[in-house]
Amino acid sequence: MTGAPPYNPQSPTQQSRYPVYSPPAKSRPYYANNEQYQQHPPQTPPAFSSRSPHFSHAPSPLPGTLPPLNGAAPPSSHPSEPPSQYQAHSSAGNPQFALPRPYPGSVLSGNGASPYGHSTPSHAHPAGRPDSHPQTSPKKESESQFPMSTHGVMGYPSSVVREPRASSPPKDVKPTRAADPMSFASILSGPTEERAPPPRQSSAEATPTPLAPAATAQTSLSPPPVASAATSQKSKDRAPALTASLPRLEKKPTTEKRRRNPPETEQKTADSRTSNVANGVSEPSKTLAQPRGAGSRPVMSERETEALNKALADMAEADKSDVEAPGYDRFREEYRAKGKKRAFATEQAEILRRKRRRNDFLVKLSKSLEKQATAGMDRFRYANEASVVAEVQAKEIQDEKERKKDMQRKRRRENTVRMEMQKKKEAEAKAHEAQDSAEKAKFLREAERAQRKIKTTKRALEGITAPEEISEVTPLAPNLEGGTTSSFHIGRGSPSRRKSGRGGPVTRPKKSKEQKQAEKDAAEAAYAAMENDEPLPIAPKEDPRKESLKKEVKGGRSKEPTPTPLSAYETKGYNQIYEQIWRDIARKDIPKVYRIKALSLSTRQENLRKTAQLASKQSRKWQERTNKSMKDTQARAKRTMREMMSFWKRNEREERDLRRLAEKQEIESAKKAEAEREANRQRRKLNFLISQTELYSHFIGRKIKGAEGDAAGDTAVEATGETVQPGKGQDHTIDMPSSVADAGTKVTNFEDLDFDAEDETALRQAAMANAQNAVQEAQDRARAFNSGQNQMDALDEGELNFQNPTSLGDIEISQPNMLTAKLKEYQLKGLNWLVNLYEQGINGILADEMGLGKTIQSISVMAYLAEVHNIWGPFLVIAPASTLHNWQQEITKFVPDIKVLPYWGSAKDRKILRKFWDRKHITYTKESEFHVLVTSYQLVVLDAQYFQKVKWQYMILDEAQAIKSSQSSRWKNLLGFHCRNRLLLTGTPIQNNMQELWALLHFIMPTLFDSHDEFSEWFSKDIESHAQSNTKLNEDQLRRLHMILKPFMLRRVKKHVQQELGDKVEKDIFCDLTYRQRAYYTNLRNRVSIMDLIEKAAVGDEADSTTLMNLVMQFRKVCNHPDLFERAETKSPFSTAYFAETASFVREGNNVDVRYSTRNLIEYPMPRLLCGAGGRVDVAGAENPHAGFRGRYLNHLMNIFTPENMKQSIQDDGAFSFLRFVDTSLGEAYEQSHLGIFERAVRRRGQVNRLSRLNVAYDDDKELAGSALPHTLFNIVDRNDKHAVNEVAAEGIMRDLMTVSQSTYEREGLNIIEPCVSPAASAPPISVVSSSHIPSIETRDTLFNVSVRHALYSTPSRQVDEQIIEKKVDPTPYSLAPMLPKPISAKGRYTHIEVPSMRRFVTDSGKLAKLDELLRELKAGGHRVLLYFQMTRMIDLMEEYLTYRNYKYCRLDGSTKLEDRRDTVADFQQRPEIFVFLLSTRAGGLGINLTAADTVIFYDSDWNPTIDSQAMDRAHRLGQTRQVTVYRLITRGTIEERIRKRALQKEEVQRVVITGGAAGGVDFNTRNRESRTKDIAMWLADDEQAELIEQKEKEALDRGEVFGAGKGGKKAAQKRKKDITLDDMYHEGEGNFDDASAKPSGAATPVSTAENVGTPSSTPAPKRGRGRGSGKGTSKRAKTTKERLRLIDGDGGLGPS
């Protein structure tokens, strides 16, 4: 099908600013030269309403004035006229194409430029029309307001669309080509040379190809050309086919087009279309042909012209109906049908695309709305989630509370039902048993009342709150209560088979087949309605609900509504929800409404009942009026009855109070009597124990006459020397027999004695019998031990005869010959006492004061046994680890014949050592492998199973205070050893309290000194209370105590037995807190509430006690040094610089070359020119000739210090004439004028002042004045200098007088330069960066000037000194002192690095400042010092101080290894240059001899005064020839003062017990406390707080309360007091010098390794093959009481009691 393509609404040369969009065909090629014609989407109104930018005039509305569509120019009036503006472009330019034009020519001006990029053929023949055109959307055609063109139908030319022609015009009217240039004849009048049309393209590949122009337009005056016959015939043959191939297309305008084109516009369009038709022939719209050039067309001849004219005339005269081809109407209808089909298909496709676009838009819109909804939900959740959660939680909590209340209420009601049931049964049983009818009726009424209560309670349990009488009304029973409304009944249905409760399973009713089918049909109908987007017909549920409710009411039970098929949307879930709603209503709402109605009904009935009662009262009022007198009588009787009742009640109350008071007094008197009886019983029990012990002591004392001889030198013996006289103090004494009683006396156990009897005769007899039995047991035990030894056969049996104690008095023991040393007199007496004890089988305590030779006395006993009795062992010596070497050395030294086996080391070593003695039947002789085994307490406990297998002849415990706790495993293990005798060596038998002495006595005599609480309390309570309260001690009790101790303990003090030993002077030095210490102390005190501490201390909680001890430790730290809390650190400003990174030091050699590479962050780049000589203004040279002006003229010609000028001035007696009197030449003056201040000072430093020596030669002022040289006349300062005189006076008073200014200058610290401020940041000088090497050289010379640095603070090194000697150079210039004084810190030097000042370190502590002054004096006096500390951290600080003062020292604490301790002590003893020995009080106070020192300083005191005594006795002992001075540093007004007072109280206890003296000389008016923790808490308070606490305590005592004590506080405190003491907690982790640990602690001396190895139990562990192993020990910070007890095993009872 052929036809013209649809026209475009715009001409290409009439392009608007915003061209109309028309999508190009997909197959159309792209042409680069058509870029200006490319179309884009429209953004403005249609382009036909815009004016073309290519024309300067409006388009003409006349169709005749339009230019030809083929692009040719309109007819010209003259051939010489230039081409018109409508002239088509040449073929070489833009090609010409056919224009689609849907708009009429009256609106758009035509132009031949085509928007397509196809070239046009160069011939003039019209080309064939394309079969098709690229399809565009039908909607694009609606953009035009004129759907029909005036030149054709649907945009096609009228020449190709056949219209019904009009009637034929008259024949005389013949149109010519001039008249009708667009006629068919005019078209056929073309050139003679025509080319065949190009082959037709397929519809898929066809492109719009325009027709070539037929001929050049001619004017109407020129004759038409004549065509040939052939040409005419050819045109005739082709015309029908052309017209026949064109269909007719008619299309009605759409609604949108009608809206755009009004009817009048359509009418105008139709008229315009009709006017273009003439003579029944449709006028062609335009000829789309491209004319060739004018010269290419041939000129017809005259003959050809005539023939053409003739043919044209024939054609004009002929009938034109013959041009219509047959079948044209059919083709037109087919074409229109196809057009309609295509339009419909396009419209459907557009609808589908529009639907897809709508769906896509709706999807995007839904996603956007979904996002908005999600965001809104998140915002709402974020804003309200917390409140909702809180609300839900609150609701749950409230529901839980209500549930608990309901459960409690239910339980109470169930209990009520159960009790009422019991009452009912009891009442029914009593009624059944009652004989009297009235009594039976009474019981029945009680049963009925109980039944009613049970019923009411059960109804309450079931949740029924309505009154009983309402619920009992049934439809069948009449309502007898009355009322204004009738009653109705809602009955209950039969109980359902399902379980009760909301959570039980619910059985749905079965449905019929019809119901199921109806539900299925309804579901299918609903699904189909949903698919068709139709509304669902949902039927309401009201009617079924009403019907079901009616059925429920009628039926009397609740039925579940069944789903009905009325709803089109009835599903299973819907029905379930619907039924669940109704079930909830039936379960919850209906009972609630019922209860409300029932309650309202009961309220109404109650009101009606009250109304009836009032009415009845009103009706009976007339009767009361007549009985008024009776009513008054009744009122008087009631009043009388009330008065009588009140009287009797008051009387009964008074009697009850009196009865209670009498009972209370009786109970109190009974308690008092019982207390008195118990006191008497305890007194008798105590008296029995003391009497028994006194008898034993008496028996032993009469045998041991040697102890009596010690009375001259032993104050304890003097105190206990008098015997007990009969008849004096009969309440506390018994008669001493002259001999031992009958051996057959019955022995009574302590538990079987009757202490309630008033007669004490039986108790005295029992005490005597028990004492005799104890003596006999000791004798039998010694005999039994000796019976197994062959060496004991030679003993005299009579000496062991306890029936004849007088024979012991004749024994006189001399010093053994085996002993190489010479015993002193008191030591020989001690040996005599020890031997007597051994021969009697009695254990003892040698308690000589420290330093009197307890060790040598013990060794002499072993030598005596070996020499006299041939007993060579085995002997067991147990001592602290620090004294093991001392024991081994002294035994080997004094008794070489006795072999010593040192038992210590690792487990493997000890296993090898046990081979020497681990035999059951070994015989010890002089040739045995060993005689004495020396070991430590820790190893004894570890290897207790092996020690228990051996029968030891003698066991000596050195420093026996290690077993002062009878509850420790160490005490129990040692007590279980098989040994004949035990000897305890201790210099301080009483350290903290009398309980420790009692533990020692209990150890040596377990059967006699049994662990009775009464005896131990008497031992400690009375004496300690005497020391605290300064009261008078019972002399009789003290005397009895001394008698008890006399046979078992021997103690001598130094001042009585050793006259040659120097005195010991103790001085307390009080120090004040510094500002920093006071701030720390106040801050600690403000943060602690003393009242809370005291209240907690009264309770006695272990955690509170630990907290209290921690506080005490913090306060003591403040007193010692504040740096124990926080050390001063090295500070430096922030350095803003680049630091060079060094290479790996591993790859370097021994010396690493570290150059100065620090650079500033700021660098100034400088050109090479400025750095060189040419860029300097003041440097003259070839590059800078003008720079020498300043040097030439200003520095030389104009300088007054030139030699020429000065010489002229001197000659003329000018300004420089003074140079001749100051010893200065012209050259020197010139040189000085050109030097700076620093250079002049450096040069003057090396000059020798010769003029000052004249003061030495001429000491007279007159001679000195006459000795002035003329050339030094003006050198007044140099001549008066006394430096040479000072050098002559090397020492003495003269030198001091001559150097007063210098000494003052140094003493005041004026020679010390300190920075005033420390910068926050520092940086090196800004460096200059240049390609020249001159800046680096100048920087190096400026920063590192050797001469300047040497002059300021440099000292000659060793290499310089060697070079001076080798080269023999004058050393004066190199040995001058630096110009700058010594910096404060040698490490920090003159930098901004602040190193902590040692002066500040010393002055920050008041103690350290006092110690600094004291050490200076002692150093000057030639003394040597033992410095004791409680904290090892303080020892660390003291090491820094001693290093700062250059004092030589050595250190020994718990971290020192055992093998190093011996060497350290030896160094101090042998090297006098060691000035100070730093020791820990607990570790360095035992077993070492430090007599080289004569001064002892306690930096901080110990809780236990005996610990300090042991420490100071390291120097004050045998071998000390000088006076020992003890200094104790105490901080005034702090806790240390109170600790010292408490230590003095403990010392008084020891003095009273041991010496027996009265309490005098010391003020003991201190606070008496039951709780030691409470006493320590008082130490933390100051005087004002202590006074306030005392006042509150006094008020509490007046009220009969215990101040600060809670419930069970006293019992808890007593219970914990037995477990651990406060002093143990304070010294937790410390050892007693016997540590073998090498790990230093942080706060105090640590626990020894041996103790930490294991935790031995009280019973010996069984043997485990190769040994027990070493295991891990407990930490020094163990928390439990059991671990602490194991940690301090044997150290219990060190608390500040």
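Cβ coordinates come from backbone N, Cα and C, glycine included.
Database features, via Swiss-Prot:
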- D848, E849, M850, G851, L852, G853, K854, T855: ATP binding site (BINDING)
- 383-466: coiled coil (COILED)
- 623-694: coiled coil (COILED)
- 33-53: compositional bias 'Polar residues' (COMPBIAS)
- 85-94: compositional bias 'Polar residues' (COMPBIAS)
- 128-143: compositional bias 'Basic and acidic residues' (COMPBIAS)
- 202-221: compositional bias 'Low complexity' (COMPBIAS)
- 248-271: compositional bias 'Basic and acidic residues' (COMPBIAS)
- 272-288: compositional bias 'Polar residues' (COMPBIAS)
- 414-451: compositional bias 'Basic and acidic residues' (COMPBIAS)
- 512-523: compositional bias 'Basic and acidic residues' (COMPBIAS)
- 540-560: compositional bias 'Basic and acidic residues' (COMPBIAS)
- 621-635: compositional bias 'Basic and acidic residues' (COMPBIAS)
- 1663-1679: compositional bias 'Basic residues' (COMPBIAS)
- 1680-1689: compositional bias 'Basic and acidic residues' (COMPBIAS)
- 581-706: domain 'DBINO' (DOMAIN)
- 835-1007: domain 'Helicase ATP-binding' (DOMAIN)
- 1410-1570: domain 'Helicase C-terminal' (DOMAIN)
- 1-324: region 'Disordered' (REGION)
- 398-569: region 'Disordered' (REGION)
- 615-637: region 'Disordered' (REGION)
- 1626-1697: region 'Disordered' (REGION)
- 958-961: motif 'DEAQ box' (MOTIF)
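Positions of the features from Swiss-Prot, shown on the structure.
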residue : record           : CB count, 10 Å
D848    : ATP binding site : 22
E849    : ATP binding site : 21
M850    : ATP binding site : 23
G851    : ATP binding site : 20
L852    : ATP binding site : 25
G853    : ATP binding site : 21
K854    : ATP binding site : 22
T855    : ATP binding site : 20
Surrounding residues of the compositional bias 'Basic and acidic residues' (414-451) on its own chain - C-beta under 8 Å, 6+ positions past either end: 457-458, 461
The motif 'DEAQ box' (958-961) [mean pLDDT, rounded to integer]: 83
Any further residue of that chain within 8 Å (Cβ to the Cβ centroid of D848, E849, M850, G851, L852, G853, K854, T855) of the recorded ATP site: G987, R1517, L1518
Residues in the compositional bias 'Basic and acidic residues' (414-451) grouped by DSSP into helix, strand and remaining coil: 35 helix, 0 strand, 3 coil
